[in-house]
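Inspection log for the structure reproduced underneath, given as structure tokens.
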């Protein structure tokens, strides 16, 4: 009952939105300990009081019944909820790994006891493979569903299959016998909307009707998508890769990988792709796969209770996601390694490999494209390329790098605008407007009207005699009697020239629309539009080079290879290289990208051109700004992501970074045995720090350990409820032995079990290079700074990020002011109406400003400044 | 043709109904497989299959002969001499998928057949119409359910609650929150529902909890722009 009083006193008001915490269920990313006990805790209690006050502590008191006579039980029996994390907090990798090893030892030691324990240990050992298998199965199946449904809905914009409503255009005409080239795309079963509504298939009337229906469907799909996202799962919007990168680096976003996010993302992804917006489904598929991984990891206690282990599953899941998104299993594994994962031991590599394999296998069995391949754009030519072609390939690389740099700047500027101005208040309207503009402009141009994947496929394809598109309208030499595969370079016909015009327009259109599309509140991936832009540019360059070689085959560069009648230039290859270059410019991936592209197209011979172009585009892109689009978005949102790729080259010391600063009040600390429960509660109330160093005593200041705020509140709350005789004036004892107390004093509260006895420490003279490295490699959350064994201060991950940002601003004053938004939210107020303590007195970096304005909890561990 | 039943799994279910997953689909063997095997089926069951199966025509699922529409051999022959380009399309087994079997009647006289056929490109393709049908039906039904639920939450529920709980309270809370989005009153309802705490209310309680969660997400994404902007 005391606890209820506590609530009314607003004891825990600092705890941020208890709504999320109170509503933790298995769909949340973490907090498993809490989940386990949730059902057993008194629901009535949970509902007591204002829902906004501290309910999340109530739910943690279901377990641990410590009778007063067994005080020491506290040491053995963990208090439920201790060791879990709040929303928007960073996990401590080291602690999680220790926890896992301990669990492993426990299971191993019990193994010999009985057959049942043996089975349990086997299950435990296999659960890693089981969970990635399930993840692979689920993501493969979902990818198949998305592919099929998206194909069908995309074609629904044009018409419908009357004989079987569930077929898309291609499937509808599966068995039709339209034998001539002119009629190859027509079949009686497939009706365009104009045919159905006004009864004519040709003429301006039907064109206008089709136009109207196209816009109508595009708008309704976009509207449905955004409203579903808005109503059911706001976290389902966007590409998801920046957030997944952040989560994998050890951040907690509850609900981001939950059931509802999964369902809504799957459903709306189809709608978004079908609406013709300039977006792709690849990035969101990674998110979908990660949701599957997260959900399945709840079946296995090994993963559900340990955040670090769970991230291993998520790494494997993201590999499965790329595997099915591109049909590139190896590329998926490398993508996981190069781009998203933070901690990637060999074991995870194998699991990723296996997950990618299973997912690709399932997708292949579903055979969504009907070509017995995993991907739509599989090229079948194997024409050789020549050395001089490296020049245009490198030019394409330059184009890709420029596009990437331009896209990142423009898109980030636009997203910042959305984030910081009123304009961001109208997400639905924005989506509708973008969809309307896209549809209106896209329809007249056949290359933009096409589904983007289809467009890429067409651009990748080489012109054989079988092609009927205007891209292949070359002037043919009718009486050539060569076999199909080896068609010499030919002069372009009028069709090709008009196609080039249309492609140029399509290129400009795609470039502009993609900038505005990426980041709207529907699931939107970036890979496909980027590839489309590169493929268009590449195809144009390819045709240009081809014509150049045809008309000037006596130039010295062409002389050796391009004789009359030789087939020396393949424009489709240029499209492929361009696509890789543009994707590389945007994402700054290298190895995984090349592997993805050659798996995607089957062009094993073209690895060298792809590598040349991707490398060039990375260099050119890096010249304009070192970060890829995902890092840029992470920075825009201010996620606490410590990039392992960046180098730290400054000469600062740990003492320069640690909190408190010289001008700040001293560190808030706990002493190991002479504070009372009330003292600690007051300290927790007055500060917003997430952890407190524990020292021997005020006099000696020597370090004993580290206690986390969340653990403290949970433990005290639990003790107040469950243990008799714990009142405000009880001593709290972190030490091994309870100090001798006067006889009349209340019983002491032993909290040694929640004390981290081995906090990481560095001395104040440690160079920051080393500290940053420690943080990156070990995934620390905080690190204490000592001098002669005396605690001086603390460095948190956030302090490091702030420091890096500060140095960056200092060194590169011309860097774009990414925090360029004015303050819109009043400072947050503490429980007593006073503004909460600022982190420190120095000028806060933008990330801190934004966070502080909005929600203080998003901060990592705040350091102490009295 | 060796064929398998392959499980296609859709892991999510609509909110109101219990978790109800439907999986079925039928995949066909890779094109590269040796043809001529007996139809082997290994239904990988995860699901109460009968429920699904009676939804669709049993024949279509199990009688593979009715599925023969699902293979085709398509030959595209480019213009040759004075013959225009032609496309031939035939249901034929993979082993017979070549120009000589598919192109009928042969448009060119005997001596030219070889030259003509060399230019033709024949592709053997398979699909599974049942997979497509089932996928589209599953997709549309989930979409439909979600839409219905969305309409219910945005339109019907506020009206119902208004009737149930009377005007004054809600108007007040509306002013407080200043927010007419769906679930805006979830806080209220959650607080209120404790007064009649019984087992039946657990479902509603869970639902309200979920709503609060979504509301919180919506705030951080759309209002505060903390994440995902």
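Heads up, the Cβ atoms here are built off N, Cα and C, so glycines get one too.
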Given ranges A:126-150, A:151-175, A:176-200, A:351-375, the stretch to which TrEMBL attaches the annotation transmembrane segment: A:126-150
Range among A:455-476, A:477-498, A:499-520 that TrEMBL annotates as transmembrane segment: A:499-520
TrEMBL annotation of transmembrane segment - which of the ranges A:88-107, A:428-447, A:608-627, A:628-647 it falls on: A:428-447
Feature transmembrane segment in TrEMBL, mapped to one of the ranges A:573-598, A:651-676, A:677-702: A:573-598
Spatial neighbours of the transmembrane segment (A:499-520) far in sequence, C-beta under 8 Å, 6+ residues away: 226, 237-239, 277-279, 403, 406-407, 410-411, 414-415, 418, 427, 430-431, 434, 437-438, 441-442, 445-448, 455, 469-471, 473, 526, 529-530, 532-533, 536-537, 539-540, 543, 629, 633
Residues of the parent chain within Cβ reach of the transmembrane segment (A:214-236), under 8 Å, 6 or more residues beyond its termini: 153, 156-158, 253, 255-256, 258, 260-261, 263-265, 267-268, 271-272, 274-277, 427-428, 431-432, 434-436, 438-440, 443, 449, 520-523
Annotated stretches the transmembrane segment (A:532-553) and the transmembrane segment (A:386-408) touching (3 or more Cβ pairs under 8 Å): yes
Paired segments the transmembrane segment (A:428-447) and the transmembrane segment (A:126-150) in contact, 3+ CB pairs under 8 A: no
Tertiary contacts of the transmembrane segment (A:126-150), as residues 6+ beyond its ends and Cβ separation under 8 Å: 266, 269-270, 273-274, 281, 285, 288-289, 292-293, 296-297, 299-300, 302-303, 312-313, 316-317, 320-321, 324-325, 347, 351-352, 354-363, 366, 368-369
Residues from the same chain, set at least six apart from the ends of the transmembrane segment (A:573-598), whose C-beta lies under 8 A from its own: 322, 326, 328, 330-332, 334-335, 337-339, 379, 381, 383, 385, 392-393, 396-397, 399-405, 407-408, 456, 459-460, 462, 526-527, 530-539, 541-542, 545, 604, 606-607, 609-611, 613-618, 620-622, 627-630
Cβ-Cβ under 8 Å with the transmembrane segment (A:313-337): same-chain residues at least 6 beyond its ends: 128, 131-132, 135-136, 139-140, 143-144, 244, 247-248, 257, 281-283, 285-290, 292-294, 296-297, 303, 343-344, 348-349, 351-360, 362-363, 373-375, 527, 589, 591-593, 595-597, 599-600
